[in-house]
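Here's what Swiss-Prot has on this protein:
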{"type": "BINDING", "residues": "Glu31, Lys39, Ser55, Leu56, Val247, Asn275, Leu431, Gly461, Gly468, Ile469", "note": "FAD binding site"}
Amino acid sequence: MKKAIIIGSGIAGLAAALRLKKKGYQVSVFEKNDYAGGKLHAIELGGYRFDLGPSLFTLPHLIDELHQLFPDVEIDFNYIKKKTACHYFWEDGTSFEAPADLENFAVKAAEIFDEKQNTLSKYLQNSKMKYESTKSLFLEKSLHKSNTYFSKQTLKAILKIPFLGINNTLDQENKKFSNPKLNQLFNRYATYNGSSPYLTPGIMSMIPYLELGLGTYYPQGGMHRISQSLFELAQKVGVEFRFRKNVKKINHSNNKVTGVTTEKGTHDADIVLCNMDVFPTYRQLLQDIKAPEKTLKQERSSSALIFYWGIKKSFPQLDLHNILFSENYKAEFEAIFNNKSLYEDPTVYINITSKQSPQDAPKGCENWFVMINTPGDYGQNWENLVIKAKKNILSKIKRCLNIDVEELIDVEYVLTPQGIEKNTSSYRGALYGAASNNKFAAFLRHPNFNKTIGNLYHVGGSVHPGGGIPLCLLSAKITADLIPNTNA
């Protein structure tokens, strides 16, 4: 049986392990941590459970697909569709519970923001068109294989690109709204790939369709259940996991991969698939080949500063997903991307899974995942920044929600960009690999295969098609499609 080694058990590594197992490979996953899941991990603290990483669940069929690869194996994984996508708040008292469907969103947003319903409906239909026109090219195939460009579907997508807002920024696309709050709301979707709405291309206005058209979901048991269900499935179908095994080198001979070396020895393989960020992959594991410097020098995506707070009270006005908007969105992104600093009036995201899973917090309490977008780690004094950010966040909550939660904080855990990099090997703590702050970004990501070493492949948020749970899962699917079955 042919052997495949996977470096890293993030969501893309887990998905790739299952797909290669289905193709007949003997699969071993080497993971430096003592748990599977990468950023999709969780902690328990003083009776509160917190998902550490991604908090938004869309395109659940991509997880279902993986479970359906092995129909005879039963794994407990369920999810519900949310009626409300997100609850938005501004300092002037404006709030908007965004319905998670296109028609209701247009009706309610028109009422709240005094916008023409027709303008909203057209925008959302345009978002749908952009997604459906380009997903086959940008999300489901390798952009780095010539045969991708010869299908009728791909040629249709390419012909539509000039009409998809590629020459505008997302902010320019969103200027069609008369209310600046609505412009700000739709600009927020740039953060879904760690970019700035004032730089990322207008084609990114397809992202709202994923959330508002295809739906926002919640996995029962929390986001951690996504990675754990795949880990359990992989174990049951015979994937081997080697935890606390730090790969030191990817071995190759005559331009073909031969295996990996850990601290304790060499392991041979016919295929190696790396779920590690491409920057440390080249700098640490592939030091003996010429690295693609142009790719590695791309601007990194934003990172995050996250406070995990156990709150000794419940707040019925809040939902699973909540956003408290900055009064100056442009200045916030300039601070993050230009100055590599934190803005004094940050946009604050609060995720509360105890709204859906009451067992995640003691009775009458809530588990708050409180996040602000930040630059990556460029040597800033994070100890000082954490102190300042906490003060600014508490002040923002007070101004937007008229509540003082400082005295209600029961337990606290903090994760900085430094911590994210340490836990996940994401260079500078970037959440999505490279930023998408130019119109060619989709074509500049590292391919899913290595151009120098045969049978070496790459998956995860730092390669095509990008970061976030759905795109990481698609990277595994694209990559698996490039690898032949063992009987081929």
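Backbone N, Cα and C define each Cβ position, glycine as well.
Less than 8 angstroms from the CB of Leu431 (FAD binding site) sit Lys39, Gly194, Ser301, Ser302, Ser303, Ala304, Ile420, Gly461, Gly467, each of them six or more residues away in the same chain. Binding of FAD is attributed in the record to Glu31, Lys39, Ser55, Leu56, Val247, Asn275, Leu431, Gly461, Gly468, Ile469, and the widest Cα separation among these residues amounts to 30 Å. Long-range Cβ contacts of Ser55 (FAD binding site) within its own chain (separation 6+, distance under 8 Å): Met223, His321, Tyr349, Asn351, Thr353, Phe369. Gly468 (FAD binding site) has a Cβ environment of 22 other Cβ atoms inside 10 Å. Its Cβ placed at the centre, Glu31 (FAD binding site) has 23 other Cβ atoms within 10 Å. DSSP assigns Glu31 (FAD binding site) to a strand.
There are 24 other CB atoms within 10 A of the CB of Val247 (FAD binding site), with all protein chains counted.
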